[in-house]
Amino acid sequence: MRAVLAREMDGRRVLGRFWSGWRRGLGVRPVPEDAGFGTEARHQRQPRGSCQRSGPLGDQPFAGLLPKNLSREELVDALRAAVVDRKGPLVTLNKPQGLPVTGKPGELTLFSVLPELSQSLGLREQELQVVRASGKESSGLVLLSSCPQTASRLQKYFTHARRAQRPTATYCAVTDGIPAASEGKIQAALKLEHIDGVNLTVPVKAPSRKDILEGVKKTLSHFRVVATGSGCALVQLQPLTVFSSQLQVHMVLQLCPVLGDHMYSARVGTVLGQRFLLPAENNKPQRQVLDEALLRRLHLTPSQAAQLPLHLHLHRLLLPGTRARDTPVELLAPLPPYFSRTLQCLGLRLQ
């Protein structure tokens with residue numbers, strides 16, 4: 001298995017290449033042949049500002065987030081700096097948390113600045129298009145292509161892999177709570193429901209054929225607990241279906257909402273230390289509430305915790321090789337600084 005890995009060294013990214021053999025030097029390392037779901041991932045080097053060095057955050061924002069009120073030019077510059085690999089028509093980004101891929105006309109999104117990004121990267125003949133991307137609230141890999149034929153081939157590959165239940169995407173998540181099982185499958189029927197002006201993903205028990213025809217979808221994810229500590233867990237998640245907020249809702253169904261989930265975490269209630277699910281339809285989105293012990297461990301005040309970004313990161317993608325029998329190509333995106341800081345505070349490691 002060949003890999004692409006970008007790491008930050010003294011503020012500068014070191015870029016790897018794929019499909020063209022190993023590029024020796026910093027940031028590019030071979031990964032084990034057993035690079036499936038149980039692969040031992042490499043622990044990201046802790047950035048400056050980790051818990052052991054700096055303690056409380058003070059009034060500083062969480063490191064690794066996009067500044068608010070960016071101009072189009074500033075967003076293009078930020079995305080260009082987020083490029084972790086270029087090969088042929090493919091461009092891979094490590095998307096910051098909070099940046100939407102698409103949106104309403106006039107909104108600043110990844111899609112809206114693709115023409116400028118294409119020009120900035122010197123792609124004049126063909127404009128970049130999105131092949132695969134993490135959602136707005138999650139961070140991580142975005143795969144772009146300037147070749148429509150390549151984009152179509154990759155999209156067919158991802159579709160066939162899902163039908164065969166072969167995971168191609170691996171997310172890292174930190175959860176508030178520890179799943180009862182160390183690994184397994186999460187299956188749930190989900191639907192989108194408009195509640196108080198917001199589109200929310202809602203579980204559906206025992207969906208009927210009519211429900212399926214009306215948009216209810218059966219969803220499936222694999223999960224594996226990598227490490228636990230301080231009542232939290234580092235979990236690897238592999239979605240085998242595609243649905244809005246699927247991974248967040250799946251972890252809520254495990255009574256372990258993702259840290260920084262201010263959309264669905266209120267569906268988990270606690271009485272006398274025991275967690276239980278509350279009716280999704282009756283629970284509006286609200287800021288996630290963390291207990292005092294966890295706040296102390298994270299060196300956060302309640303007001304800071306209310307701004308905690310979602311700790312859900314598209315860490316790895318598998319792509320087909322150049323020939324049918326080639327081993328898959330692995331793309332890796334390093335964790336955001338705020339994510340690494342949380343792992344440090346909780347004593348969690350990607351083993």
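Quick reminder: no glycine exception, Cβ is built from N, Cα and C everywhere.
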Candidate annotated as phosphoserine in Swiss-Prot, where the set is Ser71, Ser138, Ser208, Ser303: Ser71
Number of other Cβ atoms within 10 Å of the Cβ of Ser71 (phosphoserine) across all protein chains: 9
